[in-house]
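Residues annotated as domain 'ABC transmembrane type-1' in TrEMBL: A:82-271. According to TrEMBL, the feature transmembrane segment maps to A:12-37, A:84-110, A:131-155, A:203-228, A:249-270.
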Amino acid sequence: MRDARSELTRPIGVRLWLSGGWLMLLACAAIFAPWIAPQDPLAQDLFLGRMPPFWENGSEAGFWLGTDSLGRDVLSRILYGARLAMIVALVAGTLTCLIGASLGLIAGFYRGWPDRIISRFVDIWMAFPPVLFAILLIAVLGTGLTSIIIAIVIIDWTRFARVIRAEALSQSAMDYVASAQVAGRARFGTMLTEILPNVLPTIVALLTLEMGIAVIVEAILSFVNLSISTDSPTWGGMIAEGRISVHQAWWVLVFPLITLFLTVLSFSQLGEGLKDRFDPVLR
Amino acid sequence: MMYQIRDLHLSLPDMTRKPLLGPAPRINILNGLSFDVPQGAVLGIVGGSGSGKSTLGRAMLRLLEPTSGSITFDGIDITHQREAELRSMRRRFQMIFQDPMSSLNPRRRVGGIIAGPLKLHGFDNPRARVDEALDMVGLPRSFASRYPHELSGGQRQRVGIARAIALRPDFILADEIVSGLDVSSQAQVLNLLEELVRELGLTLAFISHDLSVIRRLCSRIVVLHQGKIVEEAETAALFDAPQAEYTRELMRAIPLPDPDQVWI
């Protein structure tokens, strides 16, 4: 018997190409920043302050995207800022996903008292306004990379827990779970081998979404000056500085803003694209 | 005696009417059932929807715990055994589910679905046993690398059967396994099941709402209505002289091929 469906190959969509491409570019920028950055991102030169990008009159060679009011190169700062953004996206995103998804899976699959405890916690957690909560946490923990990551994990695990719980709940009602019991599989084993593969596409989609959110949260915290010390360039910090001089030097605000926007968009589109592609049921 | 069921009661909590505090009221689903399933028998369990036949099936496999009464499988009382104690016995009683789309994990290939239980029970050489099981249900061996959604309804149900027989169980419960299939696949699946029961010397309980399907396959029939047995008889006797009014009602519901033909 032959089935044409198994011979069907799907081209990688434009969505996946574009978002994946941008994120790869950014990852390279983050890794190779010291070698590819045209200038030292921290070098100040007050004689070179507020130079426009290269296509405008009065631009200075070697400062492609112009300089800020202290004469620091915008392009170099964006490249170095990618380092922090990427670290936060990967580490905070993954940790949030691991904690939230595990709790959601346990709540949805075991029901009963684990579900009651976890769901109550999620409800209480979600009553806090997230940005205020983050600022409060940073105020308590002190600024720094670890604090940012901890704050993101503590605030956002509920997003995973809720969605994965609902998903696990509906999957648990399927007969393949009963069938695993008939086969004599232990409860915990059933959760890992039967339920987890079925909620994995959702987890992946949420994970990439969360990475985008982590980048935004980091930018927000930098914007209010609660991220890392001002010596290390961050996109949020650049946006905050650019805001002050937006009438004299728009490029200081606009370029990091575009980078941030494209990054967050790429993360969410990557998730959707991956979900379509690696789901044997949708395929 | 494969199964001995005595005065089986089962009730489930009704969560929709649960008060804010305190336990939910319970609905009685099985109200004192007693019957036997002898070794090698093919027992039909028939009843309308809501009669408790699927609940009975799930209680017999101990997917549900009875409230009272007893279920004895091959001399062992399994009524209130804990899951850990049951686990080693589970190979011996298997189940084929109504909806294979739901009972086959959509993210596993057919080979993995059949091999999973084999590995759990420590069978050697699961690959060869998967091939053998696929042969027995009349599916090509290449199907082991397919996903369930790539199969037709009848093929999916054959995978369900293959998974159950691969474990070489003593008893199989088939819960409405043909109700989701078109008539020609129904006939094929029923023929297959009949053959397998004969070849492997299985004991089979076949749950259905359709007496015509039961009549083809079963030697003995239990008629269930509102969680009680209203009639229990040999197939021929039941069809010749149904005793209970409910049985007669079910029999009238069997569609006959064009009863108004003039030339007959």
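Glycine too: its Cβ is placed from the backbone N, Cα and C atoms.
Against the transmembrane segment (A:203-228), stretch A:84-110 shows more Cβ pairs under 8 Å than any other of A:12-37, A:84-110, A:131-155.
Using a Cβ-Cβ cut-off under 8 Å and counting only residues 6 or more beyond its ends in the same chain, the transmembrane segment (A:12-37) has close neighbours at 73, 75-76, 79-80, 82-83, 85-87, 262-263, 265-267, 269-270, 272-274, 276-277.
Beyond its flanks by at least six residues, the transmembrane segment (A:131-155) meets 84, 87-88, 91-92, 95-96, 99, 213-214, 217-218, 220-221, 224, 226-229 of its own chain at Cβ-Cβ distances under 8 Å.
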